[in-house]
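Annotation comment: TrEMBL describes 12-33, 40-59, 65-81, 93-114, 134-152, 164-187, 193-213, 220-241, 247-264 as transmembrane segment.
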Amino acid sequence: MSFLDIFTVPFMLNAFIGGLLVSVLLSVLSFFIYVKKWSFINVGISHAAFGGLAIGFFAGINPTLTGSIFAVLVGMLIGYISKKGKIHEDLTIGILLSFSMAFGVVLISFSNNYNSDLFAFLFGNILTITKEDLIYIFIFTVFTIGFLFKYFDEILYCCFDEDLAYIGAVNTNYLYYSVITLIAIATVLSIKLVGSILSAAMIILPAAVSAQLAWHYKKIITLSIIFSLIIVSAGIILSFYFNLPSGSTIVILYSIVFFVIVLGKKLL
């Protein structure tokens, strides 16, 4: 089979298009997670999304819809607790993460295809990406980029000094919870490609890698998109030819690139 033959397989074409769209979407959001140091918050949201997906699967409702709603609610709760500081956010995230995963596993255990469904939700399955999914991802990607473009300066202001931004008449609460909502939905939309466990890595790694090579936000975002497009494409191709899980392959490649760059900087 030649390289171009991969594009003649319908599900692989969907996977490629979906992967490229998700790459752009997560790379843009990755910068804000990196600046705000929200890595663990994003891990909590990505794992919580599993519970929402399981609700949809169990109830016969679109899992993407229920997963998005559930992830947004959990993200809002984590964000609220993080802002108020009444309970340590690490404790809250750990409890919500554990509850959501356990709740999801219990619901999926009622399925006749328990093992395959659980594996697909946890680690992704490119075979399940449909044209409908591509439309959802495309629309949300365009909306997210438009929203961030409109409020970029204000959001960046909030990331570096939220109190000063508030004094400067920036609606910090609106932007704070809006960004959390975007991250939550983007995480759910990426689950079919990489799974709920690895989706957090896909939104953390782009900026983490790019920030090793650049310091200006424009360069970090640009490099994040470029790295993601290349690595996701390579991961999908390798997973197809060597029968590997796509999500795991992509994250391994991204992690290798990260450590190579970090070690290279240390040695040079």
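Here, residue 1 is simply the first one shown, and the rest follow in order.
Just so it is clear, glycine is given a Cβ too, placed from its N, Cα and C backbone atoms.
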| field | Best-contacting stretch, by C-beta pairs under 8 Å, relative to the transmembrane segment (12-33) and drawn from 40-59, 93-114, 134-152, 220-241, 247-264 | value | 220-241
| request: With the transmembrane segment (93-114) as the reference, find which of 40-59, 134-152, 164-187, 193-213 contributes the most Cβ pairs under 8 Å. | output: 40-59
| query | Where among 40-59, 164-187, 193-213 do we find the most Cβ pairs under 8 Å to the transmembrane segment (134-152)? | reply | 164-187
